[in-house]
Amino acid sequence: MAEGRGLASYILTRLILAVPTVLILLTIVFLIMRVAPGDPAQAMLGAKAPPSQLELLREHMGLNKPLYMQYIDYIFGVVQGDLGKSFQFNTPMWELIKPRLMATLELVLYGFTLAVGLGVLLGKESAKREGSWGDFLGDLYGIAIYAFPIFWVGIMAQLIFGIELGWLPTSGRFGAMAPPQTITGLYTIDSLLQGQIDKFIVAIKHLILPATVLGVYISGIFTRITRTNMLQTLKEDYIEAAEARGIKEKLVVNRYALKNALLPLITIMGLQFALTLAGAVLTEVTFNWPGMADFIVSMAIERDYPAVQATVTVFAILVASVSVLIDIVIGVLDPRIRF
Amino acid sequence: MNTEQETGEKPNISIKNLDITYNYENDSEEVKAARDINLDIKNGEIVSLVGESGSGKSTIGSSILNLLPKDTLTRGKIQLDGKNLLELPENDIREIRGKDISKIFQDPMGRLNPLMTVEQHFIELLNEHTDFGKEKAIEKSIDALNDVGIPPNRFEDYPHEFSGGMRQRIMIALALVLNPRILIADEATTSLDVVVQSQILNLLRDVTEKYNTSILNITHNLGVVAEISDRVVVLYGGKVVEKGSAEEIFHKPKHPYTKGLINSVIGLDTEELEWVEGTPPDLVNPPSGCPFHPRCPQVMEKCKKQFPEQTGFNDSHKTWCHLYES
Ligand SMILES: Nc1ncnc2c1ncn2[C@@H]1O[C@H](COP(=O)(O)OP(=O)(O)OP(=O)(O)O)[C@@H](O)[C@H]1O
Ligand code: SF4
Ligand SMILES: [Mg+2]
């Protein structure tokens, strides 16, 4: 009872504390967009644009207003879920970004899950055998994988599994077939929800290479962090005490050492999420994945400033939300934190 | 010691010619942490193992449950019910841990899994060693907690919600819930403040009396030894140098090292065993002959060459010192 209340108030505090974090992130996004050299309107229309047209666009983009008004407009817009309109398409930004965001999330979801699964497994097995050959290999994996350029790994994977063996598609998210009707925006989930196994298989086939490349790449960090934390928790007094009570080794490793080692790991996972997004950017480019990275790059080339600003804003909110989510997960798992 | 008549002379656990060497199978230097240890503990008896830091107390305590590091060589016998614990396969010794022989440690703060409630610790333990149903397991656990003065409404609390003294009580309840034959207490009160320390000692004495459990009490605190022991075994440099009833060790110490210890406590108003002059012996290259000879005020020529034979003053009081050899 008291425990439940502790948890609820903990979660509430986290949510409230997230507000200034998001505000700071949005401010940074705003400042960066303003500090970027050149006049956005000029950049969008090109050097030879007539002044009248330029003036019109500046008005349209709100660039005529004083800076603080622009700032207030931006923040209030975001709060109301209004990310502005794309200059090129004249559609609300959110409609353009949403499918891209879901594509990125689908890639990151599978990649991240694989990374955590692989990293925790290898790290745990490594730590259990500290000092052995197996441990050395696990440790080597943790360091070496991260040292490979993700582009190179991606291209090798495409060459081998896509071109040489012809097993898997090497680019895009769904090929020529019509994607499943949108429920969540994640193709694998939507197809399953609608019982379309054939579409599910297509979606998975497209996901395998990019998600594996991304997942394996990031798993190196998780392997190292799990190993280090496990080695530390295996030396804790409660491990020795559990052994002295005759608790089976498997339970001691999983229920005592791993669970306790996972707490710092989860925190670090939250921090790594931004890094995973960066990895996802590279992966998306390599595999032509129609996600946020692909979008922001083409918008930047088109000099669609409102679109770039909106995409970066979504990234920022995503990172902040994940960090809140991680805090809540930790609060649920660790009874010492809920006070 | 008046339980001897009731329980008879048959030892509960019997350690014979125990040698323990650390780093036996790796590149570091071998440490001869215990040599030729002989020790019997009878039912319901509280035996204290004393000696300065590094004398091998914890090493001996850990060897009983086979909790020493992998590269450690153990020779000799540790007998319980005709079985030599040193030779038991891992699975068999694991079944003994926590059930027939339990252990409690110094510094109770970090001994419980911070992510598990008290209840979960008990249920896990009882699942491991019994086939009690959940109801019976809970009932047993509550009884055990009751014995150590933890009220049932704390059963579902997490470790961090308890003080150090309370955590040690919980550890004791966990150690005793399966009614073990022997409890090994390694510096179990050392990190607690004096009042709590004496509460825990009283508790240990009461509970073990109630269930006829023996205690191997490991400590370098002579105050604790005096408060709780039936018998005392004095260790020096991995060897037993004197043993006897608490009365004999405190009032008629024979070995120069024991005398030094007892006098230092009386003279210096301290209970720590750091007051015998000189440094502890090197266990990689132990001194020849009597290990105490470099520090002994009464050292003789033969002390440097030969380890002394046992001298018995009566059935219980023995020492190993050339001064008493006839
Ligand atoms: N894992 C180990 N590897 C090598 N040497 C060890 C190991 N554990 C203990 N020793 C050494 O064995 C000797 C006995 O140590 P032990 O811990 O048994 O002493 P102790 O009497 O319990 O001392 P304290 O009062 O400090 O707890 C010491 O010299 C110690 O350095
Ligand atoms: S044997 Fe010799 S050195 Fe050892 S304690 Fe006795 S007198 Fe001292
Ligand atoms: Mg010790």
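Each Cβ is built from the backbone N, Cα and C atoms, and glycine gets one as well.
Unlike curated entries, TrEMBL annotations are predicted automatically.
Note that the structure is a prediction, hence the values are computed from the model and not measured.
These features come from TrEMBL:
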type     : residues  : note
TRANSMEM : A:12-36   : transmembrane segment
TRANSMEM : A:101-122 : transmembrane segment
DOMAIN   : A:101-326 : domain 'ABC transmembrane type-1'
TRANSMEM : A:143-163 : transmembrane segment
TRANSMEM : A:200-222 : transmembrane segment
TRANSMEM : A:261-287 : transmembrane segment
TRANSMEM : A:307-333 : transmembrane segment
- Message: Can you work out which residues elsewhere in the same chain, 6+ from the ends of the transmembrane segment (A:307-333), have a Cβ less than 8 Å from its Cβ atoms?
- Response: 7, 10-11, 14-15, 18, 21-22, 25-26, 28-30, 32-33, 74, 78, 83-84, 86-88, 93-94, 96-97, 100-101, 259, 262-263, 266-267, 269-270, 273-274, 277, 292, 295-296, 299-300
- Given the cut-off of 8 Å on Cβ pairs that are 6 or more apart in sequence, determine whether the transmembrane segment (A:143-163) and the transmembrane segment (A:12-36) share at least 3 such pairs. no
- Message: If you count every Cβ pair below 8 Å, which range out of A:12-36, A:101-122, A:261-287 shares the most with the transmembrane segment (A:200-222)?
- Response: A:101-122
